[in-house]
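Residues annotated as active site, proton donor/acceptor in Swiss-Prot: 116. What Swiss-Prot lists as active site, schiff-base intermediate with substrate is 142, and the listing cites sequence analysis. As annotated by Swiss-Prot, 3-dehydroquinate binding site applies to 10, 29, 30, 31, 59, 180, 203.
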């Protein structure tokens, strides 16, 4: 799996999705867990009316999201939405990960298997293990971690370069904010930005991300 780094805009409304594409985003991530209303309707509306590539994310509370339904309810939601998705994001720590992965069967959706640590940056060995376990599921491995110092950010970039796997890596918060621009230099396939307000710590506005990638020769 190899393609130029894509700029992803995390959105919770159709207007956000329209603005994201106008700003130059390659993909919109619909945070169904943050929509607070008709999430499935929003995904379908973006699919039919805007026609841009979509990542469907239904992030549960145990991974920093807002979805608090049952595992079975989340599986059914994914089954309903993956036909409209280009990517579907599932958590490595989900107890029913294998069942979640079956929801893309028969669709064109590419799985993203993600791992978020909002407290620390694991050891290099742990991060490589997380990436490998994610990629072994046939997925892009997404690893988002919180740095305590700049050395943590550098370690994440080192792992990104060394992994030689299809990955998306993010060092979160203000300390790691620049990783959203430079991680693609080291091999990260996706970088996430926002349109109106950040949905994750350290996100950069989509148009600013694009300008940074142009300066770095990645656009």
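Using N, Cα and C of the backbone, Cβ positions are placed for all residues, glycine too.
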**Message:** Let's check the environment of residue 180 (3-dehydroquinate binding site): how many other CB atoms sit within 10 Å of its CB?
**Reply:** 25
**Complete:** CB neighbours within 10 A of residue 203 (3-dehydroquinate binding site), counting all protein chains shown, number 20
**Asked** Based on Cα coordinates, which of the following binding-site residues are within 10 Å of residue 116 (active site, proton donor/acceptor): 10, 29, 31, 59, 203?
**Response** none
**Prompt:** Roughly how many Å separate the Cα of residue 203 (3-dehydroquinate binding site) from that of residue 142 (active site, schiff-base intermediate with substrate), to the nearest whole number?
**Reply:** 15
**Prompt:** Taking every protein chain shown into account, which of the recorded positions 31, 142 has the largest tally of Cβ atoms within 10 Å of its Cβ?
**Reply:** 142
**Message:** Just to confirm: which same-chain residues, 6+ apart in sequence, have a Cβ under 8 Å from the Cβ of residue 10 (3-dehydroquinate binding site)?
**Reply:** 28, 29, 31, 192, 193, 194, 199, 200, 203
**Request:** Looking only at C-alpha atoms, tell me how far residue 180 (3-dehydroquinate binding site) is from the residue listed as 'active site, schiff-base intermediate with substrate', rounded to the nearest Å.
**Result:** 13
**Message:** Among all protein chains shown, how many Cβ atoms are found within 10 Å of the Cβ of residue 29 (3-dehydroquinate binding site), not counting that one?
**Reply:** 25
**Complete:** Excluding its own, the Cβ atoms lying within 10 Å of the Cβ of residue 116 (active site, proton donor/acceptor) add up to 21
